[in-house]
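Asker: Structure provided below as structure tokens; questions to follow.
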Amino acid sequence: MAKPLSISSSDTQSQPLQWRAYYEMTKPKVVALMLLTVLVGMCLALPGAVPLQPLIFGLLGIGMMAGAAAAFNHLIDRRIDGLMARTYNRPLPKGRVSITKALTFSISLAVLGFVLLYTLVNELTAWLTFASLLGYAVVYTAYLKRATPQNIVVGGLAGAMPPLLGWTSVTGEFHGNALLLVIIIFAWTPPHFWALAIHRKAEYAKVDIPMLPVTHGTEFTKTCILLYTILLAIACLLPVLVGMCGPLYLVGSTLLSCGFIYKSWELKFDDKPGLAMQVFRFSIYHLMLLFIVLLVDHYLWV
């Protein structure tokens, strides 16, 4: 007599667990911060309200392609991810997602995002977002990351593009003010990642990734972080100098820059443990709050 069909608890849980693995591959927290800068780029491009179509489909399409870039990063880095304490639990090293499925997911997400931008936003934004995806997934992850200690500096341009993508989503054209926002994120990227690289120096050395602390030492990297935070503080003043922002942004960005410089100074000249991760975490709040202040100031200033 045939046994009645039954569904085990492991079977019922496998599907949601599978989707959580795909969701994790898109690096949702990173994409969320990136989409904040996209939104600010959209809002600063216009004096009034942002039209709903480019707002909704721009954020959706750019977010999908950013998630695809992150998934490609998981795919390309799966070997070294399995050897590093920070990343060994990711879906691919743990076998929660196969290589074939990860590749299919990444390509599908990228294609859907591109089609969405191309048809419902504009061609310029679609192609710029595609170029940013290639810059991060191919140029940075597949080549620069393993080739030079300046990987973050050179490859950081792809990660600095979101405000420009937001700007072009609602205007369909380049503008110098959008490039100022790109410069800010470009200057922010090295100290952000170098602080993490100091904390994870031994792991990067283990997998032969030539991060700056591995190739040039921790003290040299601390000096570079301090110098870049000063450069970032100068870059943050550029929107004020061109009349793009008002007094609220000037005060807010100055306070944030002083805080970042202080944390970097402390990292350089104090040997307390855990300072590198403090700088890394502060840098995330710095960028998030800076763009929120940009947004609030824009509507008050207008």
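Note that Cβ sites are derived from N, Cα and C of the backbone, with glycine treated the same way.
Annotation comment: Swiss-Prot describes 30-50, 52-72, 102-122, 124-144, 152-172, 178-198, 224-244, 245-265, 282-302 as transmembrane segment, evidence class sequence analysis.
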Asker: With Cβ distances under 8 Å as the criterion, find the stretch in 124-144, 152-172, 178-198, 224-244 that has the most pairs with the transmembrane segment (282-302).
Answerer: 178-198
Asker: Are there residues at least six beyond either end of the transmembrane segment (30-50) with Cβ under 8 Å to its Cβ atoms? List them, or say none.
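Answerer: Contacts of the transmembrane segment (30-50) (Cβ under 8 Å, skipping residues fewer than 6 from its ends): 58-59, 62-63, 66-67, 70, 159, 162-167, 169-171, 175, 177-178, 181, 185, 244, 284, 287-288, 291-292, 294-295, 298-299, 302.
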Asker: Need a quick answer: max count of Cβ pairs under 8 Å to the transmembrane segment (178-198), which of 52-72, 102-122, 124-144, 224-244 is it?
Answerer: 224-244
